[in-house]
Amino acid sequence: MDKFRMIFQFFQSNQESFMSGICGIMALASTQMYSAFDFNCPCLPLYNLAYGLGILLVPPFILFLLGFVLNNNISMLAEEWRRPQGQRGKDPAVLRYMFCSMAQRAMIAPAVWVSVTLLDGKCITCAFCTSVPVETLGNASHPRLSQGEIQRVLARIPCKEIYNGQELIANEVAVRYLRCISQALGWCFVLLMTTLAFLVRSLRPCFSQAAFLKSRYWSHYIDIERKLFDETCAEHARSFAKVCIQQFFEGMSTDLVAARCHLPRKAPADAGEAAEKLLGITDRGTMNMALKSWHRCKPPLHLHPPALPTGNGWAGEGQPPMHPSAPRRETAAYYSWV
């Protein structure tokens, strides 16, 4: 249980770790989905190719979109891309980094699906069974079959129970031929994905490490800023609701006292604290104006230092003059009761 707790805490440490865990779970889920999928090739010349390639390509596309949907940064990226310029400029490098980061994680589950599908070989066998070289693997001089009939017979290769072309080409020979090609493509795809991942991880620091660090830093900043803004808004809403409810009950108490119903009143201890958290925003219109202002013109990323005193005339002109400190005179007094 301690190991699972440590893994869970690692996934919750930051947004990237959390999304990496989600994408890993999706990759395992894609493998389980394919193993539980009931593959049924139609065994018809006009539908085998569409069915085989559809099973090979459509689920990865859905998993890719699902990886974007489950990523919380997609809304942050869209908001940052569509927001007005305001007082803060938009950095295209940060937007590209966020999009590439999400795309890399979203590609994990589709890559696993394509790899497992190609290594299994059912989709390629169903899609390209009519392209088996009968001249090389079978009896191409069969006199009783036309070209269209040969295509119909070859389309039944994935359906062993209804295949009736043993005189043309053996079912086991055709299936093994297509499965070997599919597995070769699968291992090439795995090798290609591994090589690309290795090159991206190893060669990126050699060319643009400084730009990469800046983009990663500001991407984390946008994520943290959004979280803090949401927390601040939630805290303000909680304080606003608390003050509204307290004022409502205080008004009810006043009405009851006016109606000669003397009730004990006790001032809430946290009323002042809740009022301080409102930060001067005490009505709906002002809050809506603050939210619109945050969206339209976010504050610039520049922290202003506190203003220096200007009484001596040295503010803004370099370092203040240094005056020698006067020596301190210490006096010791002794008292005696004699």
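Every residue gets a Cβ built from N, Cα and C, even glycine.
Packing against the transmembrane segment (21-37) from elsewhere in the chain are residues 11, 55, 59, 63, 66-67, 70-71, 105-106, 108-110, 112-113, 116-117, 120: each is 6 or more residues past its ends and has a CB under 8 Å from a CB in it. If you look up TrEMBL, you'll see 21-37 (among others) marked as transmembrane segment.
Under the heading transmembrane segment, TrEMBL lists 49-70 (among others).
The transmembrane segment annotation in TrEMBL covers 184-203 (among others). Distant neighbours of the transmembrane segment (184-203): 104, 111, 114-115, 117-119, 121, 124; these residues of the same chain sit at least 6 beyond its ends, with a Cβ under 8 Å from one of its Cβ atoms.
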